[in-house]
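Here is what Swiss-Prot records for this protein:
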| type | residues | note |
| --- | --- | --- |
| TRANSMEM | 34-54 | transmembrane segment |
| TRANSMEM | 78-99 | transmembrane segment |
| BINDING | 84, 183 | heme b b562 binding site |
| BINDING | 98, 197 | heme b b566 binding site |
| TRANSMEM | 114-134 | transmembrane segment |
| TRANSMEM | 179-199 | transmembrane segment |
| BINDING | 202 | ubiquinone binding site |
| TRANSMEM | 227-247 | transmembrane segment |
| TRANSMEM | 289-309 | transmembrane segment |
| TRANSMEM | 321-341 | transmembrane segment |
| TRANSMEM | 348-368 | transmembrane segment |
């Protein structure tokens, strides 16, 4: 009998074990679709980004014009750019929903998978930040200036570090050149980390909505979840294409249609919407170093979630108190996102401070306390 190539070929069998014959829980919901959607986002961003890089010029005198030239003179350049810019938004929507799913269903107890995932989030944020600088509009320039300047808050080495990152005494041509190099490199780092993320995931297998072992009831990934994933791809790509075709600038800042000018500061410097929650936390502390530490902590706190898990149950499915806290946290992050887009004045300052405090309180104090209380109430 001939050997099955799919199961015996050195390379094909890796793909087979990851995407075809992979044993998957029979009851995973649509919340488990976001991993594959993130994969599609990554592929879309790399393909569109590569096509854009072919026409882009990383020079302060030419960057803005080269982007305009792309949109006017390159075949479908406008579409490629709009897909790339809005693809980043979809990437972040998917990753935030993916992390939310992980928090709700206790997926963070796969510690290695979770930790690599948090590193992936940091890599994605770095990629998006350096990418936003490349069109060299007003918000690109001032966003780069403000955010890189935060490193100067690091005691003793801060100022030196910032000037080293800038390649001079301000954000200028060397900064743009290196940001382009980093923006080209980082997605491939993300691809590598994604493979590590999947390798760790396939050691344990997927979690499921009940948070219980599902070894006794597995189904093959193909055809069941391949079909389910393709439905997800179709829905997400149709939303992305609709946004890119009907309202491509909806999520952008109008300030970025003005070429970068170091002599004119925009009235409200703010990052893209997906960083606003962290930006609000940064702004809510009236001290530079304190703000930077809070900004870092807002993401790095995710590393602590496996250590703060006090419940005897893995998932929140049967934990109503934790559910209430979880959705309060979601609402809180949305409030932070809104506050981050508002000017620094009353009442936004105090709202931002309260929301920042709530953010850390819920994650670090209330989640573990609620879980311990639920153990008692459920006599576990």
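Glycine is treated like the rest: Cβ placed from N, Cα and C.
Locations of recorded Swiss-Prot features on the structure.
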{"residue": "84", "record": "heme b b562 binding site", "Cβ neighbours (10 Å)": "20"}
{"residue": "98", "record": "heme b b566 binding site", "Cβ neighbours (10 Å)": "20"}
{"residue": "183", "record": "heme b b562 binding site", "Cβ neighbours (10 Å)": "22"}
{"residue": "197", "record": "heme b b566 binding site", "Cβ neighbours (10 Å)": "21"}
{"residue": "202", "record": "ubiquinone binding site", "Cβ neighbours (10 Å)": "14"}
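Below 8 A, the CB atoms of the transmembrane segment (179-199) and the transmembrane segment (78-99) form no more than two pairs separated by six or more positions in the chain, fewer than 3 in all. Checked against residue 98 (heme b b566 binding site), the binding-site residues 84, 183, 202 differ in C-alpha distance, with 202 being the nearest.
Rounded to a whole number, the C-alpha distance linking residue 197 (heme b b566 binding site) with residue 84 (heme b b562 binding site) is 24 angstrom.
Only sequence-distant pairs (6 or more apart) were considered; of these, at least three Cβ pairs between the transmembrane segment (227-247) and the transmembrane segment (78-99) are under 8 A, so the stretches are in contact. Cβ atoms under 8 Å from those of the transmembrane segment (289-309) belong to residues 99, 103, 106, 108-109, 111, 114-115, 118, 121-122, 125, 150-151, 153-155, 277-279, 281-283, 356, 359-360, 363-364, 367-368, 371 of the same chain, restricted to positions at least 6 beyond its ends. Here the CA atom of residue 202 (ubiquinone binding site) lies 30 Å from the CA atom of residue 84 (heme b b562 binding site). Cα-Cα distance from residue 183 (heme b b562 binding site) to the residue listed as 'ubiquinone binding site': 29 Å (rounded to the nearest whole number).
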